[in-house]
Amino acid sequence: MKQQSGLTMQQVVLATGNPGKVRELADLLAAFGLDIVAQTALGVESAEETGLTFIENAILKARHASAVTGLPAIADDSGLAVDVLGGAPGIYSARYAGEEATDRQNLDKLLAALNAVPDGERQAHFHCVLVYLRHAADPTPLVFHGSWTGEIAHSAAGVGGFGYDPIFFVPELGKTAAEMSKSEKLAVSHRGKALNLLLDAMKHG
């Protein structure tokens, strides 16, 4: 526990080593008395993602982090589903081109897979599942899902974001996710929607 402006802060472990995700959540949840700490800062290694869905993997990650630290945990599992590919890369989005693949390698593999697919048939959906576990054996974890629909562009554009953002084109805005500002993206993205649901639950819980 730590104090912030007279408020006792409850430590919550975030089941990720991604500093961007930690900062994003830390700023948003501080107002609810939650002190977000990355699992890497507590010496927690990543859980093996053996689930078949985003929800299963998010729960696995949260339960692992909570069991090791004894703290409440939040986990995020996200990915991109392309309609014409039957929902691929899906839960394998981060390792689409291999276990150690870079964002660029994953992106290039997807562009190659869609090389002959015309406009109008390149619809895709980003999904984000956020899970909140009060403790490792929590029988009723809080689960929040956000989705974002767009199209896969024929080439990358923009330098912001990460992952598939440079080729995820949003027709309503006329730009890719990587061409948006952080605040603009958070207002419409899959992660932003899931975060808003989590924040709403915290307000009423």
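The backbone N, Cα and C atoms fix where each Cβ goes, and this holds for glycine too.
Annotation source Swiss-Prot lists active site, proton acceptor at D77, citing sequence analysis. The substrate binding site annotation in Swiss-Prot covers T16, G17, N18, P19, G20, K21, S78, F162, G163, Y164, D165, K185, H190, R191 and is backed by sequence analysis. Annotated Mg(2+) binding site per Swiss-Prot: E48, D77, in sequence order, evidence recorded as sequence analysis.
Features as recorded by Swiss-Prot, highlighted on the structure.
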residue: T16; record: substrate binding site; Cβ within 10 Å: 20
residue: N18; record: substrate binding site; Cβ within 10 Å: 13
residue: G20; record: substrate binding site; Cβ within 10 Å: 11
residue: E48; record: Mg(2+) binding site; Cβ within 10 Å: 10
residue: D77; record: active site, proton acceptor; Cβ within 10 Å: 26
residue: S78; record: substrate binding site; Cβ within 10 Å: 22
residue: G163; record: substrate binding site; Cβ within 10 Å: 19
residue: D165; record: substrate binding site; Cβ within 10 Å: 23
residue: H190; record: substrate binding site; Cβ within 10 Å: 22
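Put simply, the two farthest-apart Cα atoms among T16, G17, N18, P19, G20, K21, S78, F162, G163, Y164, D165, K185, H190, R191, the recorded binders of substrate, are 21 Å from each other. Considering only the binding-site residues T16, S78, G163, the residue whose Cα is spatially closest to the Cα of E48 (Mg(2+) binding site) is T16. T16 (substrate binding site) and D77 (active site, proton acceptor) have their C-alpha atoms 10 Å apart, to the nearest angstrom. The two recorded residues, G163 (substrate binding site) and D77 (active site, proton acceptor), have Cα atoms 13 Å apart. The DSSP secondary structure for H190 (substrate binding site) is helix. D77 (active site, proton acceptor) is 12 Å away from N18 (substrate binding site) when you measure Cα to Cα.
When secondary structure is read from DSSP and collapsed to three states, T16 (substrate binding site) falls in the coil class. Distance between Cα atoms for D77 (active site, proton acceptor) and D165 (substrate binding site): 16 Å, as a whole number. In the three-state DSSP scheme, D77 (active site, proton acceptor) is classed as strand.
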